[in-house]
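Undergrad: Have a look at the structure that comes next, please.
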Amino acid sequence: MDQNLSDLDCLSDPDEKRWLDGKRKRKNSQCLLKNSMSGYIPSYLDKDEPCVVCSDKATGYHYRCITCEGCKGFFRRTIQKNLHPSYSCKYDACCIIDKITRNQCQLCRFKKCIAVGMAMDLVLDDSKRVAKRKLIEENRERRRKEEMLKSMQNRPEPTSEEWELIRLVTDAHCSTNAQGSHWKQKRKFLPDAIGQCPMTAVPENDRVDLEAFSEFTKIITPAITRVVDFAKKLPMFSELPCEDQIILLKGCCMEIMSLRAAVRYDPESETLTLSGEMAVKREQLKNGGLGVVSDAIFDLGKSLSAFNLDDTEVALLQAVLLMSSDRSGLTCMDKVEKCQETYLLAFEHYINHRKHHIPHFWPKLLMKVTDLRMIGACHASRFMHMKVECPTELFPPLFLEVFEDQEV
């Protein structure tokens, strides 16, 4: 009853209840005028061009006529489901169709669709519609690849000065990276008996396995020394004040060592090779003192394996990590920032030269810098835990010197 009252209220003037030819207008709950949803309108349409069927705002050419979305959908459903034989009209099939009355007589609306020229043969059945959608997706993917290839071709590559910088950074990395490309042949696996026993009665397995920790401390000093040697060989680093050099080295040391381990992740054995010589499993590294930091380094190794980084890209990543101007205590922040910008620009141009076929490769690679910075921050906190759990005599002096005073 309430519904009928609302229907009557929508036509306030009694004269408006009749067609121009004197026929009575029929009413339903949809007779209130609704604004069309604003959306994409093709450029070939004039502003507010009307639908040739109902005079609502048209959205484009549909089945050979300029129509609105509503009439397009009505015509498509009618043909696809073969509904028109069942349509009927109570008023001699001569209703006037507009945007207010279009839903009140399906037969007259369909007849008008045909009369204005909408083509039944252009309505696709289900199989053709699926094939068309597939073709559209294939074309869209093809265009995306073409645009990506075109944008890659138009990106700047390194200048002669940048090539020289890249060569020096790569040489610095290769000369300080233990075992080089022969690490798989040279590595030795840490025995399974070390560091893989579950730590019982300790919350979250937070106890440090001293045997595994002792094994790791044997390789930590040469690993740190190689990071220092790498930094000393870098252009611009030696020009910084000694105090800033020390701050930068302490800040990036764990990050660079983690990167060097991560790029030596082996999916077959599920190990990382530390310092180019010791292959360890996730639980061994975790129980040997690193805890959750172990998970972060292994996860990084897994994700980096898809990037197929070469020595130059690893070297430039290390240079970017080293020249981080937000390290606490720096006296020449601006100078360090300019150094990092120089390396970043050369790095980006080198990535353009390499033409990786991974979408958005450069920003994705930069996200790994963020991951490595997080690993460094987590390790600083983890180091405090190791100091509590492990006897002082197990800590090599250089290990203490680099990590003891880091901010947590």
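Here the Cβ of each residue, glycine as well, is placed from N, Cα and C on the backbone.
Straight from Swiss-Prot, here's the annotation block:
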DNA_BIND  48-125  DNA-binding region
BINDING   CYS51, CYS54, CYS68, CYS71  Zn(2+) 1 binding site
BINDING   CYS89, CYS95, CYS105, CYS108  Zn(2+) 2 binding site
BINDING   ARG226, SER275  3,3',5-triiodo-L-thyronine binding site
DOMAIN    161-405  domain 'NR LBD'
ZN_FING   51-71  zinc finger
ZN_FING   89-113  zinc finger
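I'm curious about the neighbourhood of these features; can you describe it?
TA: Taking a C-beta cut-off of under 8 angstroms and a sequence separation of 6 or more, CYS51 (Zn(2+) 1 binding site) has the following same-chain neighbours: LYS57, ALA58, ILE66, THR67, CYS68, GLY70, CYS71, LYS99. DSSP gives CYS51 (Zn(2+) 1 binding site) a coil state; it is part of no helix or strand.
Annotation for CYS89 (Zn(2+) 2 binding site): same-chain Cβ neighbours under 8 Å, separated by at least 6 residues, are CYS95, CYS105, LEU107, CYS108.
Its Cβ taken as reference, ARG226 (3,3',5-triiodo-L-thyronine binding site) is surrounded by 20 other Cβ atoms within 10 Å in the chains shown. ARG226 (3,3',5-triiodo-L-thyronine binding site) carries a helical DSSP state (H, G or I).
Per-residue pLDDT, averaged along the domain 'NR LBD' (161-405), amounts to 91 for this model.
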Undergrad: Long-range same-chain neighbours of CYS54 (Zn(2+) 1 binding site), Cβ under 8 Å, sequence gap at least 6?
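TA: Those within reach of CYS54 (Zn(2+) 1 binding site), by Cβ under 8 Å and sequence separation of 6 or more, are CYS68, GLY70, CYS71, ILE97, ASP98, LYS99, ARG102, ARG109.
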Undergrad: Taking every protein chain in this structure into account, which of the binding-site residues CYS68, CYS108 has the most other Cβ atoms within 10 Å of its Cβ?
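TA: That would be CYS68, with the most Cβ atoms nearby.
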Undergrad: Using all protein chains in view, find how many other C-beta atoms are within 10 Å of the C-beta of CYS105 (Zn(2+) 2 binding site).
TA: 22
